[in-house]
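Reviewing the structure listed below.
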Amino acid sequence: MSNTSQSSLFESLRTKAQSLDAKDSIQHIRNEFIIPTKADIKRKTLQRPVVQDIAVDQDETTACTYLCGNSLGLQPKRTALRIKQFLDTWATQGVQGHFKPLDDSPLPPWLHVDDWAAKLMAPIVGASASEVAVMQTLTVNLHLLMNAFYRPDPNGRHKIVLESKAFPSDHYAVWSQVRQHGLSPETSVVFIESQESDDELLSTHDIQSVILKHAKDTALIVLPGVQYYTGQLLDIPGITAFAHSHGIAIIWDLAHAVGNVPLLLHDWDVDAAAWCHYKYLNGGAGCIGGLFVHSSHSTVTTAPEDPAPANGYRHRLAGWWGNNKATRFAMKSQFHPSTGAAGFQISNPSALDITALGASLEVVAEAGGVSALRAKSLPLTRFLHDECLAAMSPEARRLFRCITPSDPEQRGAQLSLRLVRSELLETVMEKLEEHAVIIDERRPDVIRVAPCPLYNTFGDCVDFAVVFEGALLAADAVTSASA
């Protein structure tokens, strides 16, 4: 294909993208976010210069192409306002900010800020507010859940089933939990390996086969809702039901699923789950995490005054913020757990963190929730996969392949693209950044591209494909010359 016809194909796609963006029912939500400009991406200082001549300084006003919400979501414009309101409360009220509502502030008193966030999160994960706690961070929450659900019997059920390519922190957490019980990961951790794919995709059959093989001595399963490397969406309800049919509890790591794909954790009878909020939910780098505990595991049917609330109580590591709110400040030494996921809380959560998260959750609600996001995400990622990448020249297309499932129902927003040679990666990333196209890499040879429905456009997908094509060809020329 000639350069002229290639350019014509991309121009045709730009026209189509403009039409699709014009029809986007949530296109206005993009205006709720701060999109870095091209100049921002290239600048090495926080301070922005005063723009004197727009014609000369177009990069100062032209948005970058940010397709990295699977790693860190962009900042909502209202985040700064909500944080200022928090700081003003602290400045003017001091300790009274814990208990005193203010007529002109949308924020709750800090005593209730976690309940406020749980109510906003509940519809995103398909749960009741009482089944959700906004607390700690992802791996800490995984540890807390495993402490409650992993009760190994060295002579019976003692194994944890984990995918072999899980995010490293999940490996560390599982290994340390096993060792904490005096067991060996070599005998008490079972890995699920892909049996049918060179790209590490896990079929439901792969997963069920391992569960079935080790069912009699498996105490717990830990799996991702969306696999971080490949972007594959697992069959959460089907796998959960299969695990339960063999008497095994399952914890889901939803880091790449929450805010990305529809979840119905309560209806699917999921035992427990944990996630972070800084990817598709835009809470800010390293912000507070969340967890879900099904109501069947977290009811406390005895009164808080009962010195031994055993009925319906699942043992867990305890802290004062998990104590029943009615008696939390009575300062008694007996733990009276809150009903639901709130009873798994340990320490006073960061009101500052939750305030930042709440700003983004407000935007998600205004967009229509996860169902509205998914309704846009499916055609958005399909457009990138089926049309934009396909429009690239044959010379460029031979240099990569997509390792994310081609079936839109088996993926979220992310597409993982594997380069044919790992030596291409460095130059590809350099060229993308030169053109203010932001994605992320997973060494040795994968880049991850995630058009997020809250703020990305169909036009962004075309922009990426154009720059990616040039980056691939440049990288190929560099590596071929040095060979």
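Backbone N, Cα and C atoms are what each Cβ position is placed from, and that goes for glycine too.
All annotation found in TrEMBL is predicted automatically rather than curated by experts.
Sequence-distant neighbours of Asn348 (pyridoxal 5'-phosphate binding site) (same chain, 6+ residues apart, CB-CB distance under 8 A): Trp320, Trp321. Residues annotated as pyridoxal 5'-phosphate binding site in TrEMBL: Leu138, Thr139, Phe167, Pro168, Ser169, Asp170, Asp253, His256, Tyr278, Trp320, Asn348.
Taken from TrEMBL, the feature domain 'Aminotransferase class V' covers 121-293.
TrEMBL lists Lys279 with the feature N6-(pyridoxal phosphate)lysine. According to its DSSP assignment, Lys279 (N6-(pyridoxal phosphate)lysine) is coil. The number of other CB atoms found within 10 A of the CB of Lys279 (N6-(pyridoxal phosphate)lysine), across every protein chain shown, is 25.
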When a 10 Å sphere is centred on the Cβ of Leu138 (pyridoxal 5'-phosphate binding site), how many other Cβ atoms does it contain?
24
Annotated pyridoxal 5'-phosphate contacts Leu138, Thr139, Phe167, Pro168, Ser169, Asp170, Asp253, His256, Tyr278, Trp320, Asn348, maximal Cα-Cα distance (Å, integer):
31
Which one of these binding-site residues, Phe167, Tyr278, has the sparsest Cβ neighbourhood, judged by other Cβ atoms within 10 angstroms?
Phe167
I need the least crowded one of these binding-site residues (Ser169, Asp253), counting other C-beta atoms within 10 angstroms of each C-beta.
Ser169
Which of the three DSSP-derived classes (helix, strand, coil) applies to Asp253 (pyridoxal 5'-phosphate binding site)?
strand
Mean pLDDT for the domain 'Aminotransferase class V' (121-293), as a whole number?
97
Sort Phe167 (pyridoxal 5'-phosphate binding site) into helix, strand or coil using the DSSP assignment.
coil
